């Protein structure tokens, strides 16, 4: 290995020695290492870049650069000063011509000629790498002395150049909108434009919004204006500066060029707009008359410094040739737009997602992520999980469980202090309301299905106990446990079976729970969770989409049921209000209109004065009863107005749809243009809570009697016929205890499928979880909690897909310092145990918060249900493909799979997924819903059968490739091919293999050498010079 490295270094040194001669006759453009069609050798520049970027280095990655372009300009007709005219982090921002503001960030458009001239500047100028200096005067002194020694600058020019480089610096700063009258007066008095071009072509500057500082006092500390600059929020803490100084002077006959990289980044006073240390300096001073050329060269070097690949090369370069090779690489990747088809003055908006530079870097650093000859499978980062460490079968007793514990134990402490964020509070409130609503809904349905043997209070207690324990000790604390539809169906069938056969329902259920928990523990001990690797995107998206559709369907179903209970009287007419009436009459018209008070007194208390007066006679007038009381005691409502319900349904739908719409709008508020970034992020984090508060307030303000949240106010079992502990023996024959193992097997399949599919969805690669999964540990705790819930006659709990996805979405983290114009990058999810634990503790305490919770309208919570269902469908590929069915091909988005898979195959795949989803929906809506988990398992078989209808190439883009037994063998073969294959950055877009050798293209630069560098040349000279084809007819 060392001999190969020495060989490469010798070759690079040979290139360095001949670099100047070569560069003066030709421009080597690296064609992504192997693009040339004329030669089969690797270009020296490409080898150089590969050596630079592929070098093993234990030092941290180079920091982010802030690049500032300062130009030498006359301000208000006064002395020449350095004026900041543009800046870069990722995108270019210019000072607008009015001088009042910065432009919007935009993609820097450069002229190809300025890039060529920049390359020549690096060739001919002074290059000082790893210079040890602590101040700007010291840097300037070293640079000037170096130029004098090399004969590039006359000694008598030293004083003039030094004085020019140490002139005042003015930075563009933002001022408050609330300015004083004096400031306004100054602005009016200096109405000249920022770039007004006089006869000599030298721009002059206005005096507005400028901060001026002289560096003659050699102050290395940032001034107050720098420290107050809010632009620092856009930069990471370890950011460094790259300063570009360009301008024209009247005392130079040839350009003064220098590129400096300091050994250590140094604070150079107020040289930079923001108080960050300077690492790079590029200086270009030239004769008068070419200010525009200097400006464009300055923009070119500044843009290169913001390019990730050249940025790394600039930090690692060891000599001039390394920098030239970096420019050549940039020129190879640059795109040229025809002048007649594009206006260069148009500012290109930054893209929503930036292309990754990893492909360019790996192309030279020899990364493992390269595709060779197009035979590597597709992986877009969200692919399969067959190679996941958590799903490797150990072959030992409880081996997977032990590994899960070892993997999660080091993070246990951090799982608590990582929750210290305001975002955690918003997640707690959001998930709490969703969990409470879910507990009440399923508790009510469970009470109806089991004649209140399990009800709302049991649902609250079971949710609190199971959820809190799981979040504290489970393998994936981001997973939220809840009751599910299949469990509810099983409970209903089990209760009816027990009732028909005179079995003790709770005892029978206890034994089923014990058997199921035992079977789950067997699955844990045998590492059965490795089967999860066969759950591909097809299965996961089918399951998650179905649950999301159920949430959406149930939300509308509940609202329609509410509309039936509070019907709209469409025949009501305001003009006929005098004719509308409603009265309560006794059940038997033959009797007196008086009713025995003693019957009523045992069940209700009348609050009217009239009833109190009549209590002495022991009777009450029927006409004084309310509608509910009248119906309760068998009375008759007579009148045309008895069915009129004022505005409840309409108001409920307003609250329902309003909560959903407001939640969606506020959640997207983070990317809006209103308010500062911090305010937008805060509003987005608390979107659901704000929506609930807004519409709860609206409901209270209007005073319409909409149905409210009903929470149990007493801590006791719903049914008086049961306690908090179920005795295991005595209620059923002995053989029932053994027979319970058969239905328990069905429950085990249900629990295993629900838990593991939700776990797979939560742990997908696109969520960027860093603390690892714990499939075996999750199933272990679900089994233990099933035992506890069975003994306490509480509902069984398993991972809830939609609420878990909502929990993850509420904890997503993005970069706090994103460059202007750059979309915040998704960093991952705030992995911790606090939010889930607090949510479930609050759920248990909700019994004592009934006086507060009773003010929340149910339609508002149904709106939250709708939001959770719709939000969990975002980013699901199945939904994207479903929309393609309604789009003409020319309007379809540029999805990666549409580039590689024929559209008819995409539609066929979607159609099969829709058919499977429809069958699952029909199944869950019938009595056969008890075998729902088995049908989910059948999706894996359906996906396996697709291998006979779709090629592996198509499935690699539309789905995940199912793991194979001989995968390791195939990977070894692939690595052998990689050693023999060629590297191509565009191989993924082409099915044609490229030559094995790596060529280069050399474009002669004689035309540019014929022109004097950066000084006037006559048009006639250029016209008489031979063209490229004339001098190279052999080509």
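Here the Cβ of each residue, glycine as well, is placed from N, Cα and C on the backbone.
The compositional bias 'Polar residues' annotation in Swiss-Prot covers 192-217. The annotation compositional bias 'Basic and acidic residues' is assigned in Swiss-Prot to 376-389, 1007-1035. Per Swiss-Prot, the feature N-linked glycosylation site maps to 591, 596, 609, 617. Swiss-Prot lists 917-942 with the feature intramembrane segment, giving similarity to another entry as the kind of evidence. Here Swiss-Prot flags 192-222, 348-389, 968-1035 as region 'Disordered'. What Swiss-Prot records for 1-421, 527-540, 667-681, 764-775, 812-833, 875-916, 943-1035 is topological domain 'Cytoplasmic', and it gives similarity to another entry as the kind of evidence. Here Swiss-Prot flags 447-456, 498-505, 565-648, 702-735, 851-857 as topological domain 'Extracellular'. Residues annotated as transmembrane segment in Swiss-Prot, with similarity to another entry given as evidence: 422-446, 457-475, 477-497, 506-526, 541-564, 649-666, 682-701, 736-763, 776-792, 794-811, 834-850, 858-874.
Residue counts of the topological domain 'Extracellular' (498-505) by helix, strand and coil are 4 helix, 0 strand, 4 coil (DSSP-based). Mapped onto DSSP helix, strand and coil, the topological domain 'Cytoplasmic' (812-833) counts 0 helix, 7 strand, 15 coil. In summary, the transmembrane segment (834-850) does not lie against the transmembrane segment (649-666): fewer than three C-beta pairs, each 6 or more positions apart in sequence, are under 8 Å. Ranking 477-497, 506-526, 541-564, 649-666 by CB pairs under 8 A with the transmembrane segment (776-792) puts 506-526 at the top. A Cβ distance under 8 Å defines the sequence-distant neighbours of the transmembrane segment (457-475), meaning residues of its chain 6+ beyond its ends; these are 404, 408, 435, 438-440, 442-443, 446, 481-483, 711-712, 714-718, 773-778, 781-782, 785, 788-789, 792-795, 797, 833, 836-837, 839-841, 843-847. Between the transmembrane segment (477-497) and the transmembrane segment (736-763), the number of CB pairs under 8 angstroms, six or more residues apart, is three or more, so the stretches are in contact. If you look at the transmembrane segment (794-811) against the transmembrane segment (541-564), you find at least three C-beta pairs under 8 angstroms, all six or more positions apart, and that counts as contact. Taking DSSP states H, G and I as helix and E and B as strand, the topological domain 'Cytoplasmic' (667-681) has 10 helix, 0 strand, 5 coil.
Within the same chain, the transmembrane segment (858-874) packs against the transmembrane segment (422-446): three or more Cβ pairs sit under 8 Å, each pair at least 6 residues apart. By the Cβ criterion (distance under 8 Å, sequence gap of 6 or more), the transmembrane segment (422-446) is counted as touching the transmembrane segment (682-701), at least 3 such pairs being found.
For the topological domain 'Cytoplasmic' (812-833), the predicted model reports an average pLDDT of 78. Through the fold, the topological domain 'Extracellular' (851-857) approaches residues 433, 436, 652, 655, 692, 695-696, 699-700, 706-711 of its own chain, all at least 6 residues removed from its boundaries and within a Cβ separation under 8 Å. Ranked by Cβ pairs under 8 Å to the transmembrane segment (541-564), the stretches 506-526, 649-666, 682-701 are led by 649-666.
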